[in-house]
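Report on the structure given below.
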Amino acid sequence: MRKVYLYARFQRFWHWMQALIIFSLLVTGLEVHGLFHLLGYEAAFHVHNAFAWGLVLFILLAFFWYITTGDFRQYLTEGNLLEKIMMQARYYMVGIFKNEPHPFKKNEISRLNPLQRITYLMLTLVGLPLQIIVGFAYYYYNELVALGMDPDWIEPIAVIHTLLAYLLIGFVIMHVYMTTTGHTLTSNIKAMVTGWEEVEE
Ligand code: HEM
């Protein structure tokens, strides 16, 4: 085994801030939705909108960082992406329970397996931006109607926003489970805290 530096300081900061913001958005969002009473509707509504702006800011910062450092290359896959995703999915469903080795070895220039790459890319480029756009359409609904938007759009906006929130909860549950499937139970999480991880030679 050898120790490698996988996550730069900004990246770890961004990751945990994003996790904190999304967790707060989910809690306040579900309160606004009427699922429980914690801060009170009014406060939950304001906190939710403030965190939404925070998320936009952090996503823009992260885009800037990933592009200027060239780290976005970690998300590109050479060769047959589908075949590689299937290999990784088979490992999670079968191989892992038979103690088979990980199909893709981690190193400094390739820390994410193909399934992680596509999941995180879809989340960051499709899921979160869509949720943010729909959320802002919800918030600025009156202004948009004054600008000519069909008032009936409130229904699909509300349904899509709630549906995406539940999908995000599903992502977080799967994501946290997946982070325990590294070399040891906590090796991936330790790497996201310290930056360092032990990988195979
Ligand atoms: C709540 C929303 C969360 C989002 C949106 C999120 C998103 C991400 C993304 C995009 C990456 C890839 C970073 C990269 O390598 O470029 C990542 C990696 C990681 N995340 Fe999260 N994360 C969240 C919560 C959490 C939580 C709660 C934990 C652990 C308790 C966690 C643990 C990790 C770890 C260990 C990695 C390293 C790579 C891996 O094992 O997949 N994340 N996360």
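Backbone N, Cα and C atoms are what each Cβ position is placed from, and that goes for glycine too.
All TrEMBL annotations are machine predictions without curation.
Straight from TrEMBL, the features:
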- 7-195: domain 'Cytochrome b561 bacterial/Ni-hydrogenase' (DOMAIN)
- 50-67: transmembrane segment (TRANSMEM)
- 120-141: transmembrane segment (TRANSMEM)
- 153-177: transmembrane segment (TRANSMEM)
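Residues 10-11, 14, 17-18, 21-22, 24-25, 28, 124, 128-129, 132, 135-136, 139 of the same chain lie 6 or more positions beyond the ends of the transmembrane segment (50-67) yet place their CB under 8 Å from a CB of it.
Long-range contacts of the transmembrane segment (153-177) within the same chain: residues 22-23, 26, 29-30, 33, 119, 123, 127, 130-131, 134-135, 137-138, 141, each at least 6 residues beyond the stretch ends and with a Cβ under 8 Å from a Cβ of the stretch. Same-chain residues lying 6 or more positions outside the transmembrane segment (120-141) and placing a CB less than 8 Å from one of its CB atoms are 49, 52, 55-56, 59, 62, 75, 112, 149, 153-154, 157-158, 160-161, 164-165, 167-168, 171.
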